[in-house]
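S.K.: Starting off with a structure, shown below.
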Amino acid sequence: MDLGRGKCWETPKQGSWKTLLLLAYQSLGVVYGDLSISPLYVYKSTFAEDIQHSETNEEIFGVLSAVFWTLTLVPLFKYVFIVLRADDNGEGGTFALYSLICRHAKVSLLPNRQVADEALSTYKLERNPDKKKSSRVKLCLERYKSLHTALLFLVLLGTCMVIGDGLLTPAISVFSAVSGLELSMSKERHQYAVIPITCFILVCLFALQHYGTHKVGFFFAPVILIWLICISALGLYNIIQWNPHVYQALSPYYMFKFLKKTRKRGWMSLGGILLCITGSEAMFADLGHFSYAAIQIAFTFLVYPALILAYMGQAAYLSQHHDDNNHIGFYISVPRSVRLPVLIIAILASVVGSQAIISGTFSIINQSQSLGCFPRVKVIHTSDKIHGQIYIPEINWMLMILCIAVTIGFRDTKHMGNASGLAVMAVMLVTTCLTSLVIILCWHKPPVVALCFLLFFGSIELLYFSSSLTKFTEGAWLPILLALFLVTVMFVWHYATVKKYEYDLHNKVSLEWLLALGSSLGIARVPGIGLVFTDLTSGIPANFSRFVTNLPAFHRVLVFVCVKSVPVPYVPPAERYLMGRVGPPAHRSYRCIVRYGYRDVHQDVDSFETELAARLADFIRYDWYQKQGTNSCSEDDASRSYESSSECRLAVIGNVVLSEPPAYDNEESELAATVSDGLPTVQSVQQASVSDGFQTVQSVSDVIEMRSVEMVERRVRFAFDESETNGETDIEKQLQEELEDLLAAQQAGTAFILGHSHVRAKQGSSFLKKLAINFGYNFLRRNCRGPDVALKVPPVSLLEVGMVYVV
């Protein structure tokens, strides 16, 4: 199963307003679930302790003014008009910004970069400015490796805070919705009813995750639409009924007057006000599922007005009711006659909002794993039609347990709000910093523009963040503790992964060593295809030399497979396989680099070896159909020293087009090829293996990128009629022999050769490094999914080679 670059909903054609409005409607349930339920707890959290609602109404009007301007400046101006434009091929989120920065500046710590990756159609740059005009910021970032590490740490911190938000949002949303029962039952009954009901709803919510969002997704948008209409109607009713002049409080004068009067207490209360923008990050993170215009329309013309009316209505009601500060909240302003249906709608809306953030948590963990920044976990794709719908069992049950623990442990909206607010503001600060770099590096704007953006929005978010920090002992410690733990785990895993790659790079075997292996040394070639998995994009991995040393035999067809991530969201299927020879054609050894983006769906076990064999057949036919002196690896080339010569040329194998297909026929063949009349359109590009920061010899190859033309798919069968082969050239005969060998090897079976690694720190390493490698990384490696599970290798075909890495 390779779903390619599909999205939940296709981007509408230009001018198709009907499709655009449909997308805007569908975005309500996925994007705005969290943001739309914030009226449930904003006022309650704000007036929990720091400030009191007085007869003068200065506090409630000041809070309303602060909520209005916060909603206007951050979600509307920052996200809708600026940040949403910083998309990566239509994708948004923290990793999208990091991917953009890595493509425009050499700041990535991932060691398997190749120049060939820049030829991908999705590896598009905003502009190609003159190198002489490269900004000083870019030069400074590329020069210092410490800045690369700091940038990755910033991205990981933002990622961990998103995961923390995925833990806290379901708890506070469902708890706040269920707390409406306090107005219809006594305090004693309410105390023993709300917590169990909240926990029951959370258990049901997480238990349904394995079915996938797509099976209940049609229900999301109507729920949020009804909820937005409901809070808008309640807001208008309260404004008309209690205080028609409440609109005057939207003036920033009331906000400054409020801060002047309350001073430190007002500043500390900002931790409750900032909850009005929880969920704003989802507009950017879920950009890939919709379109910029759809999200912009939905927020500007529906969500934003509905939220403003809801907050104004609550303020209007509270301005005329000063009798009970302990019951300040959403439900107190709801008329008694409609309180029960509103409670039901609120609970449904909170479930929808929680679902969106849980799905987002799964997605961001999958992205972290694809970039080597998170231990391997099992990822289940819940939809064959909708790209990106995933479920991670281990993370799901961990989140459920932690959500229930938070609900039982905190037991009130105040502590949950303090924790959630700090996580939200940390994510927004990270987004602001990364967007500032995008403005300089990708949009090529003057640094002063980026500085203005950073200072304006960063100062607002820093003010709210500092307010949240003052509540450290009242709940804000939770996201900080969780982020420190997750950042440590992710950084240790990434550090050890890079060190392992560095070890492999410095201990790889020369090409002439492989070519020298033969029957004279007691080496046998056994039937079948041997897939040797390695992280290297060039050279012979050390684990293969260990394998041959201990078992002097390897398969008749040998393929060195590297599954790597590229800093793009998607790699088109036609550009996924980068193939070449290792040695002369008679050696039957090949290299295959399988490239995935950070949002790509990896293939299933049932199709990978078949797909790989089909692509290998495509490459063999293409290679032989070119002039031997230009596109094949000759015996002379192969016999040169690996350090002084390149490996054979690599080709991007997708939908390959060949001229004059041979009339081969065999009903037993399983290998399919795409053929048609006409020659392929090719483009030669110089490719180099690049290892940032590593002292190694570059391996330069030719990359031939095959572009699709009009094609007719036909199954090519591999049997040979002697009467037809008599007149064939030597090249055609050698092609037939190689394809016959490939078919015979595939029928004999496929073996997957993986390294079973144990990593330990060198003698003399620092205590911190020994702690991270010997205990931290090895503990994670033993208790997470193995590489065979991550690569979906069938156990019956697995051969593991023990390797000790001393890093």
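Each Cβ is built from the backbone N, Cα and C atoms, and glycine gets one as well.
Pulled these from TrEMBL:
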type: DOMAIN; residues: 23-515; note: domain 'K+ potassium transporter integral membrane'
type: DOMAIN; residues: 527-611; note: domain 'K+ potassium transporter C-terminal'
type: DOMAIN; residues: 711-805; note: domain 'K+ potassium transporter C-terminal'
type: TRANSMEM; residues: 20-42; note: transmembrane segment
type: TRANSMEM; residues: 63-84; note: transmembrane segment
type: TRANSMEM; residues: 151-181; note: transmembrane segment
type: TRANSMEM; residues: 193-212; note: transmembrane segment
type: TRANSMEM; residues: 218-240; note: transmembrane segment
type: TRANSMEM; residues: 266-284; note: transmembrane segment
type: TRANSMEM; residues: 290-312; note: transmembrane segment
type: TRANSMEM; residues: 340-365; note: transmembrane segment
type: TRANSMEM; residues: 390-410; note: transmembrane segment
type: TRANSMEM; residues: 422-441; note: transmembrane segment
type: TRANSMEM; residues: 447-465; note: transmembrane segment
type: TRANSMEM; residues: 477-496; note: transmembrane segment
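Tell me what's around each of these sites.
M.R.: In the predicted structure, the domain 'K+ potassium transporter C-terminal' (527-611) carries a mean pLDDT of 84.
Counting residues 6+ beyond its ends, the transmembrane segment (218-240) has Cβ neighbours under 8 Å at 25-30, 32-33, 36-37, 39, 246-247, 302-303, 305-314, 316-317, 333-335, 342, 345-346, 348-349, 352, 355-356 in the same chain.
With a threshold of 8 Å between CB atoms, the same-chain residues lying at least 6 positions outside the transmembrane segment (290-312) that come near it are 8-9, 11-12, 20-21, 23-28, 30-32, 35-36, 38-39, 42-43, 64, 67-68, 71, 75-76, 80, 84-85, 87, 90, 228-229, 231-232, 234-236, 238-239, 246-247, 249-250, 276, 283.
Residues 29-31, 33-37, 40, 93-95, 159, 162-163, 165-166, 169-170, 173-174, 176-178, 180-181, 184, 201-202, 205-206, 209, 213, 220, 223-224, 226-227, 230, 234, 279, 282, 285-286, 330-331, 334, 374, 377, 388-392, 395-396, 399, 599 of the same chain lie 6 or more positions beyond the ends of the transmembrane segment (340-365) yet place their CB under 8 Å from a CB of it.
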S.K.: If we skip the immediate neighbours and take only residues 6+ beyond the ends of the transmembrane segment (477-496), which ones have a Cβ under 8 Å from one of its Cβ atoms?
M.R.: 109, 152-153, 156-157, 159-161, 163-165, 167-168, 368, 372-375, 406, 419-420, 422-423, 426, 759, 772-773, 776-777, 780, 807
S.K.: Can you break down the domain 'K+ potassium transporter C-terminal' (711-805) into helix, strand and coil residue counts using DSSP?
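M.R.: Residue counts for the domain 'K+ potassium transporter C-terminal' (711-805) by secondary structure: 47 helix, 22 strand, 26 coil.
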S.K.: For the transmembrane segment (20-42), find every same-chain residue at least 6 residues outside the stretch whose CB is under 8 Å from a CB in it, and list them.
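M.R.: That would be 8-9, 12, 67, 75, 169, 172-173, 176-177, 213, 217, 219-225, 227-228, 231, 272-273, 275-280, 282-283, 286, 289-291, 293-295, 297-299, 302-303, 306-307, 310-311, 314, 329-330, 346, 349-350, 352-357, 413, 417.
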S.K.: Assess whether the transmembrane segment (447-465) lies in contact with the transmembrane segment (266-284), where contact requires at least three Cβ pairs under 8 Å among residues 6 or more apart in sequence.
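M.R.: Since 3 or more Cβ pairs under 8 Å link them, the transmembrane segment (447-465) and the transmembrane segment (266-284) do come into contact.
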S.K.: Just to be sure I understand, if DSSP states are collapsed into helix, strand and coil, how many residues of the domain 'K+ potassium transporter C-terminal' (527-611) fall in each?
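M.R.: Taking the domain 'K+ potassium transporter C-terminal' (527-611) as a whole: 22 helix, 34 strand, 29 coil.
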